[in-house]
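This report concerns only the one structure given below.
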């Protein structure tokens, strides 16, 4: 069991550490270019390539989409309750409870634990989170919907094309399959590197508040995931992937919204740092729980 946990957690920790150390030593790293390539090219290709090649039924993907919607909704409700009782502003901290880092950390872990099928299930979940971040994220932070940001999401169009291909049974030409597979292959290591780089820049302004918000993020996600797994009777990789994706730390994109709309970005950044470090420290337990739920 120890070796199995190490096989999953070590690659993730090493690549995140590489990104962190690389930046600390002031080595050149074009964060904007790499991030844009991952978002606009790599991720859409990963969605298309993985879902069209994985041996997973549309029904299973539908379950993951529904699971993501329900976990986000339940986490939002639990988070809102905690914030209202604590007297903290929803505009600033509700997104922390709602959206975990399912991209930078969740997808690599799903792939490491459950292989290609786990990655496919994770992508179905992640797509919902990405769309939610660019719709509800703007609505909650700014109080309005940014339609341009919503329509400008590459993952949205990649998802539509993928569903059309799967429903129609269209045979993807080999050259398209290979090209999207190669481009999609950069996403997981690049996301982990980007997370390490982000951690090197973010600072903790209020440790006590950051720790409390980190507990809220994990608690809301964990409670929502367990309740959903039991309610829907999820088993195997589906249960494990839902657990992994729901218990990830606060998403880095939350600090972008906080900076854009003046929602106390220093404290939001501190929450991201503390929740990420806490998740990395508890990663063996999270992975062990995912394996147990899947078994």
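Cβ coordinates are placed from backbone N, Cα and C, and glycine is handled just like the others.
Here the structure is a predicted model, which means the values were calculated and not measured.
Distant neighbours of the transmembrane segment (33-51): 61, 103, 116, 119-120, 123-124, 127, 130, 154-155, 157-159, 161-162, 165-166, 177, 179-181, 183-187, 190-191, 193-194; these residues of the same chain sit at least 6 beyond its ends, with a Cβ under 8 Å from one of its Cβ atoms. If you look up TrEMBL, you'll see 33-51 (among others) marked as transmembrane segment.
Annotated transmembrane segment per TrEMBL: 63-85 (among others), in sequence order. Outside the transmembrane segment (63-85) by six or more residues, the chain places 93-94, 96-99, 121-122, 124-129, 132, 136, 216-217, 219-221, 223-225, 227-228, 232, 234, 238, 241-242, 245-246 with a CB less than 8 A from a CB of the stretch.
TrEMBL lists 105-133 (among others) with the feature transmembrane segment.
Packing against the transmembrane segment (154-176) from elsewhere in the chain are residues 39-41, 43-45, 47-48, 51-52, 58, 127, 130-131: each is 6 or more residues past its ends and has a CB under 8 Å from a CB in it. The feature transmembrane segment is assigned by TrEMBL to 154-176 (among others).
Residues or ranges marked as transmembrane segment by TrEMBL: 182-202 (among others). Residues 12, 15-24, 29, 31, 34-35, 37-38, 41-43, 45-50, 101, 103-105, 107-108, 111, 252, 255, 269-270, 272-273, 276-277 of the same chain sit 6 or more residues outside the transmembrane segment (182-202) yet have a Cβ under 8 Å from a Cβ within it.
Cβ atoms under 8 Å from those of the transmembrane segment (214-234) belong to residues 63, 67, 70-71, 74-75, 78-79, 82-83, 93, 96-97, 100, 242-243, 246-250, 271, 274-275, 278-279, 293 of the same chain, restricted to positions at least 6 beyond its ends. Annotation source TrEMBL lists transmembrane segment at 214-234 (among others).
Annotation source TrEMBL lists transmembrane segment at 240-257 (among others).
Sequence-distant contacts of the transmembrane segment (269-291), counting only residues of its own chain at least 6 positions beyond either end whose CB sits under 8 Å from a CB of the stretch, comprise 1, 4-5, 8-9, 12-13, 16, 93, 96, 101, 105, 109, 113, 195, 198-199, 202-207, 209-211, 213-214, 217-218, 240-241, 243-244, 247-252, 254-255, 258. According to TrEMBL, the feature transmembrane segment maps to 269-291 (among others).
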